[in-house]
Amino acid sequence: MYVAMIIRKYFLIIALLVMPWLAIPSVSAADKGWFNTFTDNVAETWRQPEHYDLYVPAITWHARFAYDKEKTDRYNERPWGVGFGQSRWDDKGNWHGLYMMAFKDSFNKWEPIGGYGWEKTWRPLEDDNFRLGLGFTAGVTARDNWNYIPIPVLLPLASIGYGPATFQMTYIPGSYNNGNVYFAWMRFQF
C-alpha cells in the first residue's frame, strides 16, 4: 500500500515533467539543439514505444575504498524491487527508454526512481542479438533519509544485452561515506 502510494506520487511528478515535452512541435533537424533533440526523443518514446520493459534490480555495491567498514557492513546490497517501462530503437540502432522502478535502498527503505534513458548501442559480433551500450539517464528519485523530497538525477548508463534481455548498470558518484554506489538491474523487453 505504502509503496503503491509512493509510486503513484512520483509517477504523477514525472508525468507533469514529461507532458510539456509532448506538446513541443517537431522542428527541422537543422534547427534542433541538444535540448530539442532530447525532448523530441522523450516525446517519441512516450508516443511510439516499440517494447514494454520489465526491470528487476539485481545488485548495489558500495565502493569499499569510499566507505568506513562499519557502514558497508550494515548496508543492504540486494535491492529487491521491480520496475516497468517502454522503449524503442531509433534508426541508428540506439536505445531510448522511459521507466519507473522502486527498490530497497542501502538502508532497506523503498526508493522510487523514474526517468528517461538513452544508450548508444554497438553490435560488435555478426550476431545482431548481442549488443553493448553506453549512455545516460535523466530522471527523479526520492529517498527515505531525505524525507522523500524529489531529487533530480543525471547518471551514466552502460549495458550488455542479448535478444530481449539486458544487464544495465549505473554508478552514482559521491564523497566519502556518501554515494559511490554501483547499481545494476536486468531489463527484459516484451
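A Cβ is built for glycine as well, from the same backbone N, Cα and C atoms used for every other residue.
Summarising the annotation, Swiss-Prot assigns signal peptide to 1-29.
According to Swiss-Prot, the active site annotation covers His62 (among others). Take the CB of His62 (active site) and look out to 10 A: across all protein chains shown you find 21 other CB atoms.
Counting Cβ atoms from all protein chains shown, Lys71 (site 'Role in lipopolysaccharide recognition') has 13 others lying within 10 Å of its own Cβ. Positions annotated as site 'Role in lipopolysaccharide recognition' by Swiss-Prot: Lys71.
The annotation active site is assigned in Swiss-Prot to Asp105 (among others) on the grounds of sequence analysis. Under the three-state DSSP scheme, Asp105 (active site) falls in the coil class.
The number of other Cβ atoms within 10 Å of the Cβ belonging to Ser106 (active site), over all protein chains shown, comes to 18. Marked as active site by Swiss-Prot: Ser106 (among others).
Long-range neighbours of Tyr176 (site 'Role in the phospholipid gating') (same chain, six or more residues apart, CB within less than 8 Å of its CB): Ala66, Tyr67. Marked as site 'Role in the phospholipid gating' by Swiss-Prot on the basis of sequence analysis: Tyr176.
Rounded to a whole number, the distance between the Cα atoms of His62 (active site) and Ser106 (active site) is 9 Å.
Long-range C-beta contacts of Asp105 (active site), restricted to its own chain and to partners at least six residues apart, with a cutoff below 8 Å, comprise Thr60, Asn76, Pro79, Glu111, Arg143, Asp144.
Lys71 (site 'Role in lipopolysaccharide recognition') and His62 (active site) have their C-alpha atoms 10 Å apart, to the nearest angstrom.
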